[in-house]
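Novice: What TrEMBL records for this protein is below:
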- 69-410: domain 'Amidohydrolase-related' (DOMAIN)
- HIS78, HIS80, HIS248, ASP322: Zn(2+) binding site (BINDING)
- HIS78, HIS80, HIS248, ASP322: Fe(3+) binding site (BINDING)
- ARG87, TYR150, HIS183, GLN251, THR327: 4-imidazolone-5-propanoate binding site (BINDING)
- TYR150, ASN324, GLY326: N-formimidoyl-L-glutamate binding site (BINDING)
Amino acid sequence: MRTLITNIKELIQVRETPLKKVSGAAMAILPTIENAYLLIEDNIIADFGKMENLPTISPEKTIDAAGKVVLPAWCDSHTHIVYAGNRVQEFVDRINGLSYEEIANRGGGILNSAKKLNETSEEEIYNQSKLRLEEVMSQGTGAVEIKSGYGLTVEGELKMLRVIKKLKENYPVEIKATFLGAHAFPTEFKENHAGYIDVIINEMLPKIDEENLADYIDAFLETGYFSIEETEKIMEAGKKYGLTAKIHVNQFTAINGIEACVKHNALSVDHLEIVTDEDIEILKDSETMPVALPSCSYFISIPYTPARKMIQAGLPIALASDFNPGTTPSGNMNFVVATACIKMKMTPEEAINAATINGAYAIGISETHGSITKGKRANLIITKPITSYYQMPYAFGTNLIDEVIIEGKLI
Ligand code: NIG
Ligand code: FE
């Protein structure tokens, strides 16, 4: 099946460096072709270029993109899309003055979601989660990482990962699964951290491996959650099963966690609302992608990742949604990109690189996703007629997406 897109006003290519990510000053560069065509063969980008060089082809389908912008679909490298119910009451409690920490200390927060998840059937969790997946696909997300971490019991974690597996099987979007058993200590292990880590390593991991349910491993490395030493144990155990680490770190406090993650070759370190100069030094020349989650900062009113300082230091940045019931009940990557521009002072070019090729790197799929490159997957956003791609972050509350193509098909 061949689909030809013609008369594209601006074709945003996004180009990866040889390292398959874009860092520092290169983040300001966004290769763009004006008045372009793009040819899709089955699920692959077969060709693209200037309209004046359009070869003679006879496609089965033609899409006229006059006045429109075409760019790679978003690669959202950090979500918790699979969950049960919601946490609207905590939202209102925060408006009335309680902090995220105070709510968690009262048994709310992650433990609240874990209780709901363990009380809900696998089928019901699937039905709730697929609606969120369908929503983010319609908002231009073509690849997504989904974490477990609201089970916190052997059965609960397996249930979540099985739901993610089922989503993988039933939807064309590229999905990577991350095991986040180390998201919080269940109440019964509050005074027995070693006991819960033993459950994670000796009960959960072997079962997950048996059913091949995870691609990555995560932990919430934070004051009051998992310490550096505890997170190191989790990363080492994951490595034995071939699971590379992607770690929640530096959300509320900087406790040298990034150093431990880089030492263990984490693929990404995520959140980074609080970042020290030492953290930046450690990330330089590492293979670890720093991931910022601006919708989380927005929703729970915490600092934004200091993107300017990090880019200035030569670091890459990826942008992701963190879609979850507690700190970010939204998976809209258009809002993430706009918020990165508005609040983190990333330029539109930097933000688009961060939400496409660098997001793809942070889930290990930058060879096949995240840019308009011949041979890569045909995962594309076609906008409505707009003046330029600047309009996307500028008109932050307007849906400017006309069509989304995933694996070569309009969704
Ligand atoms: O990424 N920080 C840890 N985990 C999630 C939020 C968890 C929750 O509140 O449900 C996050 O923000
Ligand atoms: Fe998260």
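The backbone N, Cα and C atoms fix where each Cβ goes, glycine too.
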Novice: If you measure from the Cα of HIS78 (Zn(2+) binding site), which of the binding-site residues TYR150, GLN251, ASN324, GLY326, THR327 is the nearest?
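Specialist: Minimum Cα distance from HIS78 (Zn(2+) binding site) across TYR150, GLN251, ASN324, GLY326, THR327 lands on ASN324.
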Novice: Which ones are near HIS80 (Zn(2+) binding site): of the binding-site residues ARG87, TYR150, HIS183, GLN251, which have a Cα within 10 Å?
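Specialist: Of everything listed, what lies within 10 Å of HIS80 (Zn(2+) binding site) (Cα to Cα) is TYR150.
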Novice: Please work out the mean pLDDT for the residues of the domain 'Amidohydrolase-related' (69-410).
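Specialist: The average pLDDT of the model in the domain 'Amidohydrolase-related' (69-410) works out to 97.
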Novice: Please identify, from the binding-site residues GLN251, ASN324, THR327, the residue with the sparsest Cβ neighbourhood, meaning fewest other Cβ atoms within 10 angstroms.
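Specialist: The binding-site residues GLN251, ASN324, THR327 were compared, and THR327 has the fewest Cβ atoms within 10 Å.
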Novice: What three-state secondary structure does DSSP assign to TYR150 (4-imidazolone-5-propanoate binding site)?
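Specialist: TYR150 (4-imidazolone-5-propanoate binding site) sits in coil per DSSP, no helix or strand.
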Novice: Using Cβ-Cβ distances, find the residues under 8 Å from HIS183 (4-imidazolone-5-propanoate binding site) that belong to the same chain and are at least 6 apart in sequence, listing them in sequence order.
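Specialist: Same-chain residues close to HIS183 (4-imidazolone-5-propanoate binding site) (Cβ under 8 Å, separated by 6 or more) are ILE110, LYS147, GLY149, TYR150, LEU152, ASP218, ALA219, PHE220, TYR225.
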Novice: Within 8 Å of the Cβ centroid of the Zn(2+) site residues HIS78, HIS80, HIS248, ASP322, which other residues of the same chain have their Cβ?
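Specialist: Sorted by sequence, the hits are THR79, LYS147, ASP270, HIS271, LEU293, CYS296, ALA320, PHE323, ASN324, THR328.
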Novice: In whole Å, note down how far the CA of GLY326 (N-formimidoyl-L-glutamate binding site) lies from the CA of ARG87 (4-imidazolone-5-propanoate binding site).
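Specialist: Approximately 6 Å lies between the Cα of ARG87 (4-imidazolone-5-propanoate binding site) and that of GLY326 (N-formimidoyl-L-glutamate binding site).
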Novice: Rounded to an integer, what is the Cα-Cα distance in Å between THR327 (4-imidazolone-5-propanoate binding site) and HIS248 (Zn(2+) binding site)?
Specialist: 13
